Amino acid sequence: MEQKQMQENSYDESQIQVLEGLEAVRKRPGMYIGSTSGKGLHHLVWEIVDNSIDEALAGYCDEINVSIEEDNSIRVTDNGRGIPVGIQEKMGRPAVEVIMTVLHAGGKFGGGGYKVSGGLHGVGASVVNALSTELEVFVHREGKIHYQKYERGIPVADLKVIGDTDQTGTITRFKPDPEIFQETTVYEFDTLATRMRELAFLNRNIKLTIEDKREHKQKKEFHYEGGIKSYVEHLNRSKQPIHEEPVYVEGSKDGIQVEVSLQYNEGYTNNIYSFTNNIHTYEGGTHEVGFKTALTRVINDYGRKNSILKDADSNLTGEDVREGLTAIVSIKHPNPQFEGQTKTKLGNSEARTITESVFSEAFEKFLLENPNVARKIVEKGTMAARARVAAKKARELTRRKSALEVSSLPGKLADCSSKDPAISEIYIVEGDSAGGSAKQGRDRHFQAILPLKGKIINVEKARLDKILSNDEVRTIITAIGTNIGGDFDIEKARYHKVIIMTDADVDGAHIRTLLLTFFYRYMRQIIEHGYIYIAQPPLFKVQQGKKIQYAYNEKELEKILAELPAQPKPGIQRYKGLGEMNPTQLWETTMDPEVRSLLQVSLQDAIEADETFEILMGDKVEPRRNFIQENAKYVKNLDI
């Protein structure tokens, strides 16, 4: 890129500040990258990419490439100014070496180097270096290529010049240390691509490329001129928008930049995603509160002034005006304060005021200029308000006065005797016959059984009042005890294991998906707390004489058959449904904690989960067809 703003805002070794040493990182890596699981492994990539993004935010870089090399190392290349290579005064070493070997050294702490920076907690390159068996850095700067190599954070040799160049930028290649990342050191292309796409949406001037050079070669390029406006269109691509063009707002005040884009659709759920300096603020925060407050106020004001809301009508609540809303709120803040359980909640009070004023002014203008769209938005809110009132009545009917009242449920729930949620589990079972076997086979002390008669309602296509009129949904809500939506309380969960047990056929998979959609939309916290599990009943029963063995997949079946003597010929039964097993078999294979296998449902990426549920369970056929075609190659067992 051309040398813009260089004089007024130099970035050299004098900008690099040093805060503390590196020894602790290898001892307690979780403190610096969250965990040493696959999540922490991928976090290493973002620490390096975030440094390149900082260069882009400062206006010096417009291309970032990430490649997974054949040896599973990662190479990150940018065309920024290149990390400074001059001697850093305090340490007496080249600035690039200080950045790579000293914790909390970098240009993002003083304010002179970068006005706004992303890198989570600014731990940066030194942590990646400490947790890698080897790291190489190539700096293209001032006409020379500077090179240094490190092993587990320690320089192998001094920084040296290895050639001439007419370009600027930094190339970092690192290989994660298997001593630290014992679970896995294998990078997932899709995980990296998802975040690269998100960064491209959030930073409209950057072209990001991700390439996999391993066996299954693939490459993706992301560059969105529309920025977060394109992001909203992407998120709504499988929905029916109420207005064609997403609303886009930007403004800044006191060094804080605010961008908001939103679009309403015909659906009933809302998806608001907020970001600060490219970090997804999962727990929301002041910027999100400012946006929601402005949205509710502006829509109510417009509805009143234009007599869409009558004098006798109550004001629409935030919940009402957010029905069917997809929105991105992205701010760039020079000094963000993060709080909350996972440090993903913005705490700066000024971010609320600035977001509120920037957004409300522009959104008022949008409604005035688009009266037809404005009317649709207000009317959608009034419909949601009616449904909310109806749902409240329905909810009051289902609300139990005490945990003991479950016994009065009409013969559905066979509860356990334990009242300790930490050891109690509930099996949600498909069909009465399987429910009967499960009731007889269970351990009554800690296992409760809830049989479902049929398929529960598809919550993706219905408003809350309709959902709450569904018997199966009401029974599930009452049995689990947490309530739903705004009244949800995780402390009231009666079981810390909610186990979905369905047949291993297409119908079973559909029921499982309907249940997961319901839990995701209305009880998301029980997924986030790790309370939802999927039972794994066996697919095959192998009997030879009196000896019976169970196989949970084709591979296990092959292994069992290979180990059995040829005579007498073993009998193989393929289970189509849970009802084919007697109570003892169901206990031995699927319910006994000593031998059973359970899949825990986790939520890695809320945005991706949201898209997937919308594609699979929403109204539009085309996105669903595309999803099936793209994922068909991963299907192992097809039940036709």
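Using the three backbone atoms N, Cα and C, a Cβ is placed for every residue, glycine included.
Here Swiss-Prot flags 424-538 as domain 'Toprim'.
Here Swiss-Prot flags GLU430, ASP503 as Mg(2+) 1 binding site, drawing on sequence analysis. The Cβ of GLU430 (Mg(2+) 1 binding site) has 25 other Cβ atoms within 10 Å, all protein chains considered. According to DSSP, GLU430 (Mg(2+) 1 binding site) is assigned to a strand segment.
As annotated by Swiss-Prot, site 'Interaction with DNA' applies to LYS455 (among others). Long-range Cβ neighbours of LYS455 (site 'Interaction with DNA') (same chain, at least 6 residues apart, Cβ-Cβ under 8 Å): GLU472, HIS510, ILE511, LEU514. DSSP assigns LYS455 (site 'Interaction with DNA') to coil in the three-state reduction, placing it in neither a helix nor a strand.
As annotated by Swiss-Prot, site 'Interaction with DNA' applies to ASN458 (among others). Other C-beta atoms found within 10 angstroms of the C-beta of ASN458 (site 'Interaction with DNA') number 17, with every protein chain shown included.
With a cut-off of 8 Å between CB atoms and residues at least 6 apart in sequence, the same chain places GLU430, GLY431, ALA434, PRO537, LYS576, GLY577, LEU578 near ASP503 (Mg(2+) 1 binding site), listed in sequence order. Residues or ranges marked as Mg(2+) 2 binding site by Swiss-Prot: ASP503, ASP505.
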Inter-residue C-alpha distance, ASP505 (Mg(2+) 2 binding site) and ASN458 (site 'Interaction with DNA') (nearest angstrom): 19
